[in-house]
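Participant: According to TrEMBL, the protein carries these features:
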TRANSMEM  B:34-58  transmembrane segment
TRANSMEM  B:78-98  transmembrane segment
TRANSMEM  B:110-135  transmembrane segment
TRANSMEM  B:155-178  transmembrane segment
TRANSMEM  B:217-237  transmembrane segment
TRANSMEM  B:257-277  transmembrane segment
TRANSMEM  B:298-319  transmembrane segment
TRANSMEM  B:339-357  transmembrane segment
TRANSMEM  B:364-387  transmembrane segment
TRANSMEM  B:407-430  transmembrane segment
Amino acid sequence: MSAPPLTRRQAALALIASAASLASCDRPEEEIVPYVEQPERVVPGVPLRFATALPLDGYARGVIATVHEGRPVKLEGNPAHPGSGGATDVFLEAELLALYDPDRSRAVREGTRIASWEGFLSAFLPPMRAASARGGEGLSLLTGHVTSPTLLRLIDELRARYPRLRWHAHQAVGEANALAGAALAFGRPLLALPRLDRAAVVLAIDADPLGPGPDGIRHGREFAARRAARREGGGFSRLYAAEPAMTQTGAKADHRLALPPAALGDLAAHLAARLGAPLSPPALPPAAARFLDAALADLRAHPGEALVVTGEWQPPEVHALVHWINERLGGAPAFVEPPGAAGDGPAGIGELAGDLRAGRVETLLVLGANPAYDAPGELDLAGALRGSQAFTVHLGAWRDETAALCRWHLPEHHPLEDWGDLRARDGTVSLCQPLIRPLYGTRSAAWLLGVALGRLDDTSHGALRATWSARQEGDFEAWWRRALHDGVVAGSAAPAVPPPPARLPSLPERVAGDGLALALRPDPTLWDGRYANNAWLQECPKPLTRLVWGNAALMAPEDAAARGIGDGEMIRLELAGRSLEVPALLAPGTAPGAVVLALGHGRRRAGAIGDGVGADAYALRRAGAPWSAEGLAAVRLGRPGGLLREQPGQRLEGEAKELFQTLSLDGFSARRSDPPPAPSRPPSLNPDAARDTYAWGMVIDTTLCIGCNACVVACQSENNVPVVGPEQVAGGRDMHWLRIDTYDLGTPEAPSPGFQPVPCMHCEHAPCEPVCPVAASVHDAEGLNVQVYNRCIGTRFCQANCPYKVRRFNWYGYADGQEYANQGAPVLAAQRNPEVTVRARGVMEKCTYCTQRISAARRAAEREGRPIRDGEVVTACQAACPSGAIVFGDIGDPASAAARLRQEPQHYALLGHLGTRPRTTYLAEVSNPNPALDDGAA
Amino acid sequence: MSAAGEGLLPPGLGYGQLVGAVADPLMRGRMGRWYWTAFAAALLLTLVLVGSIVWLFIEGIGIFGNNTTIVWGFPIANYVWWVGIGNAGTLISSMLLLTRQPWRAAINRFAEAMTLFAVSIAGLFPILHLGRPYLSYWLAPYPNTMLLWPQWRSALVWDFAAIVTYLLFSVMFFYIGLIPDLATLRDRAQSRTGQVVYGILALGWRGSARHWARHDAVYRAMAAMAVPLVVSVHSVVGLDFAAGLMPGWQETIFPPYFVVGALFSGFAMVVVLAALMRWGFGLQSLLTARHFEAMAKVILAASVIMAISYGTEWLMSWYGGERAERSFLRHQLAGSDALLYWGMIACNVGAPQLLWLPAARRSLPVLIGISLLVNIGMWLERILIIWDTLSHGYLPSMWRPWHVTVWDWALLAGSLGFYALLFLVFARVLPVVSMHDMGKLRHEEGGSR
């Protein structure tokens, strides 16, 4: 069979067409290498782990990153690192999503125009030469809090080269008050490192050591070390907290006192006076006096093990007072020299604002700071920047509020893409290594500082090696490999400094303002606003209030009632001529007279996720007294504020207290000597689960849970749990597999919240299984209640019948075509854990006990021909937990940690009477109240 | 029989007049403006239904107001309600036939049609409510490459079987009852098309004594099967909830309570439709006050049983002593949805008590008003069974309010429109009153005279 002959014209056309089609499938111009020989160490499907460190307010927290084929997909704590100790917090977990944020800056910009690096250099070098000629006059550098030895070295070089350079550092949260307080007490700024694990009695005066912060993970771990009630016994500390609004520390405290911010200073002064200080503060209310008596007696009864801490939000005088008190009590925390530059420290943001206004700045370099958003509203730094004629350069990973006001914006590497070094709060150095090639054409801060020094081809890698090769003797390469491998530099912690005798500060005269007192706080999920564009963190319910996608002014119910303000209503806060509209949240436990508001919201140029979410509390912030202000007025606006809470405040009363069981330490001791309770077995017609293989189970110790949400975000990161966005949350459709139920167990006057993390219970007699018509919800031999996504047709009977309501349904294709905002951007697909299915629309999903991790452990064990060892399977939530509240293991093995916890006297199953036989069980919250404060309410 | 049949037929009505009254509107009558107005309205709502379903398939079931806690909502309530509506038709046809209630003759035909349409529409909802509706056939036990059967312990599988059985049975029962009338229409048809179509459907019915004898035997046998089937289908619908573990669902009373509830709403729907038919087709001579009074008594009896059921639920929730059950009861009676709940009680228990008065039973406007209230009340009951229980389960942390979207309403309104459309078409092409049953009644009455 022969083809019909082509005409000449047809033949010519066919030739052209085939040539065109061939030309379009050509190889790239550069040389590409076939995957015939595997790159060293890379085995497809087998992840690699690398140690590095990530900053929060400049301080390092060590992480171990899991990298699949060159993509970091999960961050976990580095056990060797003092700042993380193997656990994480929400910020560490979510930094991964920040790496893949589709809104990250990708291009050099001059104004709004996209420009080139070469263009920037040719514009930047002439003013720098001019500045050099003037000895640096008119040249300003603005950074965040810098602990990096390499960056500090480069800044020192810069100051040597430009002697009149002005260096400003701005950290919206920071620890300026704490350092100033230490300077008052000791004559020089020392960094206090409270050791909660060495304290038998802790009094927190307006402090939230268990809350978010650069050292929050360490505090959580140390707190837990003294709070584990176990049959074998062990010291159990007692925690007192006095604070204006409920914090995680207040929630965990055995005794809590609500006082407005200024009265807390009085409390500290009274404490000092009782210890012999010549002070005569104003009288305390009777309840506070009683609280103080009991706390003081307790502190005195534990010499050397008593600790008083105060928070950054208290003025320096109170910090100094607390140092003095600790010295008297003999339980002073360790002190170290704060990491910093050799010479004078940097100036603050206030000076920069003044310089800008006065026209003293000709060239300004902004490195990793966003003052146009997070400087106190009083300074109007954005206005100063806008009005300035200076040559302004911003280097940052996002084109944020400050970038938009600078003449040049340069895109910066994400820390996970960059070489660097950081110090933890105790001074330990970590070398940071990039886990991925930069996603975009970005550069590092070390490069820009190099350029300013006239070295155009500096790299962060080169700068890092230059810093450390100069400091190491011996085999540098071996040291280098060791440091990178471990994630910490051994023995680099700052030596403890014996503090000089503490001086008693002179307390400022307290001016009693009328109206309410405003207390500003960093946001527990957005911190100072830098994480506002992080969808995981926006949707992570804030501890205690369980607010998502926004902030609220926390008010005492009686204050709100006096002003006719209802829960969730919009109010206007007015302070010294500035005002802010924000929803009110009537939070029991808020001190009457105080209004507590979180910073970090209301970003204007965060990106598709964070823009315009919540109210920008910086507008009310003052430069002199950044954390509190008297004379606040709250005006009811009479319209709903649209608060989104995943759980309204709920009090458990009467029989409902069975859901969250509590026990005093005495009650626990009484039960401890009893023989282990026989496991309660509600009658059942169904056969018992077979126990011929592993029987996976989880025990959650509510005594240790500090409600920090690290587990929630870790689960989201590990299991590809999608973000649904505020509209869907408002409809009640959040997708978190693990939630932290927060119940109030106290009274309206003395609330006592309890945290109860609720993952899937993996019931042995699971109510979800018999109701599924297509057998998509089934049990496996090891006791996991598994969901077969492919088989699920979406009847949702399983969730309807689940007494714990732990299942989550894909009402839309949240991860599969109908994503919220920019969450469907292709770059985010790189974050997905390849070992976990991305669920489609219309199927049910839920906690799997991280079945992929069990499977990985099983493969490893089978390869070695041994059973899986106890502790070998660590679920994502367990790995994240700073306080070790979550224990997972084979409960069929009586020697396993989980099985042993199930024998503890305070062990119980949630809704156990239903006969579901949950594999996830709880240890009741054990508290250690002071009998002297026992008012019979129990 | 004469006493029971008294007043069901106008005196002196001949067979010819009887057949003419029913068949003439089909054969000759031109439908009036009311018919076409109603038809247009029903068609419009049907288009809303189709549009909603198309949008549902494009967007996913997120368009409904359900959430993580209240995973079910309108579609399941609509399903249970529609199944309930369907109940009365079969019961009227079969139970009243078996118990020889002569008044059924005038209403059984359209009551059966009502069943058929209601069950068909009801069957749509469980499919439309699925997350992946295109896989709904996995509920059916068929040999497949996945080597998987449905999961027999699930009430939804029983439900699927019950609904399919009920639907198939209703079709057959309806059709068998229709055969003699189809033959009548074939014989009276004016057009060739009518003769052919009715002729084929009449399956060669000639009205011989043997035909009648066999028809009667089959029909009665099927009626005998229908009664347990009606009870079973509604019991299984009740088990959808009662087999669960949630407070407010885990109640042994549910199966009988659902059967009675279905009877209740079904009869109320029959009253409404009968009144419409009577007016629309001028059937005053065949659908008399006696019929309405008999149905009013059934509604009254059912409402009393419903009241006892509600009372039993309350008592058991309290008496059982379980914390969650008692909390649920408090929520039901005094919680955020209490207004709806008491509205439902007013509709289902309060309003029908008027029917103790003979005057109210005989007043058509009053009876229609009460019937409409009963239908609204029963729909409220269906939605509250879902909302109350799911929004107030065991763990307070997951208590959430429900939401309703425009699509929830669109699907409900669309289904009502589709129902009306089916009915209007039925009324135009098939006899709405069973002519042969009425003839038999005429014969029995005439014989006694």
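Even glycines carry a Cβ here, placed using N, Cα and C.
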Participant: Can you tell me which of B:34-58, B:78-98, B:217-237, B:298-319, B:339-357 gets the most C-beta pairs within less than 8 Å of the transmembrane segment (B:110-135)?
Facilitator: B:78-98
Participant: Hey, does the transmembrane segment (B:78-98) touch the transmembrane segment (B:217-237), meaning at least 3 C-beta pairs closer than 8 angstroms, sequence gap 6 or more?
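Facilitator: They are in contact.
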Participant: Which one of these stretches, B:34-58, B:298-319, B:339-357, has the most C-beta pairs shorter than 8 Å to the transmembrane segment (B:407-430)?
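Facilitator: Answer is B:34-58, with the largest number of Cβ pairs below 8 Å.
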Participant: Which range wins on Cβ pairs under 8 Å with the transmembrane segment (B:257-277): B:34-58, B:78-98, B:155-178, B:298-319, B:364-387?
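Facilitator: Against the transmembrane segment (B:257-277), the leading stretch is B:78-98.
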Participant: Should anything in the same chain at least six residues away from the transmembrane segment (B:34-58) have a Cβ under 8 Å from its Cβ atoms, list it; otherwise answer none.
Facilitator: 128, 133, 280, 407, 410-411, 413-418, 420-421, 424, 428
